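Participant: Feature list, courtesy of TrEMBL:
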- B:66-277: domain 'ABC transmembrane type-1' (DOMAIN)
- B:12-36: transmembrane segment (TRANSMEM)
- B:70-91: transmembrane segment (TRANSMEM)
- B:103-123: transmembrane segment (TRANSMEM)
- B:151-175: transmembrane segment (TRANSMEM)
- B:196-218: transmembrane segment (TRANSMEM)
- B:259-281: transmembrane segment (TRANSMEM)
Amino acid sequence: MQFQKRHIGLLLYILFLLVPIYWLFNMSIKTNTEILGAMTLFPDNPTLANYATILTDPAWYTGYINSMIYVGINVVISLVVALPAAYAFSRFNFTGDKHLFFWLLTNRMAPPAVFLLPFFQLYSSVGLFDTHIAVALAHCLFNVPLAVWILEGFMSGIPKEIDETAYIDGYSFPRFFTTIFIPLIRSGIGVTAFFCFMFSWVELLLARTLTSVEAKPIAATMTRTVSASGLDWGVLAAAGVLTIVPGALVIWFVRNYIAKGFAMGRV
Amino acid sequence: MNKITNNKAWFLVLPVFFIVAISAIIPLMTVVNYSVQDIFDPQTRFFVGTEWFEQVLGDSRLHDALLRQIFYTLSVLFIEIPLGIAVALTLPRKGWGVSASMVLLALPLLIPWNVVGTIWQIFGRADIGLGGYVINLMGIDYNYAQNPMDAWITVLVMDVWHWTSLIVLLCYAGLRSIPDAYYQAAKIDGASRWAVFRFIQLPKMQSVLVIGVLLRFMDSFMIYTEPFVLTGGGPGNATTFLSQFLTRMAVGQFDLGPAAAFSLVYFLIILLVCWVFYTVVMNAGKQGEQ
């Protein structure tokens, strides 16, 4: 890679992205006295005590586990229901298809604040309040339409001759779909999973409203602890850094899919 | 692509239909139900017709929040779209730099929204945050918790930091779909850098830009968590946007009727803008092809 003048702009932008994150990390390995005492670019006495607090206190680390569980459930549900639907939208005309597609997208536009109370009542009345599955289902509201939208773009890029050839060769639909079609749109599924993970992982308003103790997400743990016990900046910063880690890992695994998948797909 | 007409395809769509219907239609009906009734407790309720709608539409606090919201969303779009395109143009096309840039750029997108708020809350403080400290060091009196202007700018910078990457990634996807032959032809014709951008790169980015603008419009219009954590809507009401106003009304004051009426109006505004934008851009695209 040759260095060019235009890369300076890129480097400056990436610097702008990274400095606030670095500052959070910097604070997470300082003691509270140092945070409040002096402005230091590097910690004088780096300490892992803040991380130890989080990883040993169940009130903290269960938050991460809860978040992971409902995000995982949500990604699986979204992909499983969106795959056949996206195939239908990309291959067939059927009564009401355009209206249905637009209606699905409108759900992506609904402000979560609108659905706050009804969701709370709905899930309370069926006894799902404060469970992982409730949050996962609630997040389907915006993730399923998004998954259908993205997957449809990828599937439209696969020539229809492949389907026809497979049927002539005697493949049944389920067998064709699972053994031939899904492997063809692997990178599309990767990109979709990435987006579903992303939007479910970062959402707080619904996740916080639908849980109290058992399934409380880490994001809610952070806001509540701050208001309850005064401001323990070091621990707060460490908790913040730990919420970035799963996201960073996911990006790392799908980085090649993103570059490739973006190029062929709709998103 | 020619599609076959086949109504059996409905069977493939049914799971999606059911799962979205449960999470969308039932709650939406509940909201409609609230919006036309005055509810004291589950047994005592009166039908009030359009009273809540009239009350909400005449509320001057709501008008202020709406104006702030519109101004905010426009600022977000005017900064993030050009900046996103510019950064996408500087991205390397091949080599190890591609993956590295992708990972670094996508990082802010994967941070939970309240943590984004926390990061900037810390970063902007004059006593413990690098950003606020440096600005004050330069002799500018900066305090986002007290000065409405500073709060406004901080929320805006935070949004640019958080979401410009999405536009960058989308534009980059559009740019990668341009075959090398186009650039070679442009070179032979002696096209200027601007001409290459205007006639080759911009048209190829159009479809992804539409998605980008729509997503940014919807999400910035619904913004809640980040300003909530950063400023709590203050100082005063300087950064109280529509979602925050709504949540305060519904959960804080428990005014279910007005809150529900307002929810419906809110939803319809977003729907209308998205529909108009989408239709206009798609028609312009069709005319361009002819």
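Each residue, glycine too, has its Cβ placed from N, Cα and C.
Note that the structure is predicted; figures quoted are calculated from it, not measured.
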Participant: Ranking B:103-123, B:196-218, B:259-281 by Cβ pairs under 8 Å to the transmembrane segment (B:70-91), which is first?
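Facilitator: That would be B:196-218.
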Participant: The transmembrane segment (B:259-281): which same-chain residues, six or more beyond its ends, come within Cβ distance under 8 Å?
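Facilitator: Hits for the transmembrane segment (B:259-281): 31-35, 52-53, 55-57, 62, 206, 210, 213-214, 217-218, 221-222, 242, 245-246, 249-250.
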Participant: Can you tell me which parts of the same chain pack against the transmembrane segment (B:151-175), counting only residues 6+ beyond its ends and a CB-CB cutoff under 8 A?
Facilitator: 72, 75-76, 79-81, 83-85, 87-89, 91, 102, 105-109, 111, 116-117, 120, 124, 144-145, 201, 204-209, 211-212, 215-216, 219-220, 223, 226-227, 230-231, 234-235, 238-239
